[in-house]
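Feature annotations, courtesy of TrEMBL:
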- 1-82: domain 'IRF tryptophan pentad repeat' (DOMAIN)
- 61-143: region 'Disordered' (REGION)
- 110-126: compositional bias 'Polar residues' (COMPBIAS)
């Protein structure tokens, strides 16, 4: 499955903490790193923590050639990978094995156009309010 997450830069005109950082805020609340009213909002840190969490997941990878880094429609596109077997998890623990797997994974990923994803989704315009799928993504993360 491929999914995209809005990744608008906070310094850009029109950025709104309630619309553009709601997923990152929800992640910070979910992980216990932010409690409304107890700490000042820190969307830069929320976004960095979310990015690190996504990058650390063994079964999710960013599809960099389909991500858009600039403008009001900036998004990061991610792909859910099949679960690793017990042997594959052991192999990933060694650095040399991890580097080799990363190169092989990049080579094995098929090219697709930036406007159409492999599972039939299209990169249509994102909604202004991201809270609906924020709930979905956080429910996938578990308790």
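Every residue, even glycine, has its Cβ placed from backbone N, Cα and C.
Just so you know, TrEMBL annotations never went through curation; they're auto-generated.
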With helix taken as DSSP H, G or I, strand as E or B and everything else coil, how many residues of the domain 'IRF tryptophan pentad repeat' (1-82) land in each class?
27 helix, 17 strand, 38 coil
Can you tell me the mean pLDDT for the domain 'IRF tryptophan pentad repeat' (1-82)?
93
